[in-house]
């Protein structure tokens, strides 16, 4: 079980924003000056603090390139991108989630520009660098990618040629084992980094954007670029296959409703905010359930310690021991439904919170930081996605070795013939049963491959 990892990135202030810089970074702590207190003439009697601090796993200061603390795209990749690649190479599912207000730098962090490449292209480049290393080894890998956007709670394939006059939407389904998926979403097999870049550029060009008060080309949809990375290796003279899914998510920015916008734009903003609010509820509920689970474990451990020391434990008057986990509304939004595994499931998840340092964005900055701070209590349960047959063979072999060692130790002792004969017979039978199981699996694999 692992906690969700949280990063904060502060972008440069824009001319249109105005105001002063109210955010500063101290190692892994982001500090925001409370302008609601500073604006009072006599704030000595105000109980609220002048500075609000939030602690995260990493904080990046990208406001001034001349500043010694300035964090470049390369530095962000070395911390985030390398951990994504490391998890993918070991067979884990990974999710990288960028969240923040409109124009806070989410797309820049995830995609970048030709002069400053973002996380998504760098991660793809890292995958193919590893693929080149396989050329001299008894191993190979396969990379497939897909790219979708969620606009007005509808899913659209960004890598499929379609007629704009006849818009189409895809349906979300849920498999009992693999979880939610998009029916009919195209997956493209890629063999080198250039092909990935071409598909990325094609997909980005089809994303729906519009001008807002802060950004001239603000994303009006959530985008999920998924990489299916499969490795085939020879382990202990057995063919083994591990697969990982990397979700790189660029969320649309949260924003306030503006009466001056047209009806379509207000509808867009309402749907964006709806999905982000649902995401917030899911994160909050997951955090609440994780805290409740931890407290129940503490109560149970204290009770077991009391029983072992023969001390009568007091009866639990509260309902903490019998309280059920709260319902998690994944299906209230397409976004949270598709990210179900990434939030509390089989995935290692990283959240990047992007904020503006300007005082004019104070409310949005505080909301984003509280959002990310609340996610620290989420506990995911990632596991290696390996071939079930190979895993079973390995476990049976380990069991055979364990039983053989036990059999040898009984034969060496041989202190009680009648007793040891029965034990030896049972152990020998178990060893033979497991060896027969291994032989049967080998036979099934041979028939499937031939």
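In case you wondered, yes, glycine gets a Cβ from its N, Cα and C as well.
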Which range is region 'Disordered' per TrEMBL? Of 282-303, 304-325, 326-347, it is 304-325
Taking all residues of the domain 'Kinesin motor' (3-378) together, what is their mean pLDDT?
-> 82
Around the Cβ of residue 104 (ATP binding site), other Cβ atoms within 10 Å, all chains included, total 26
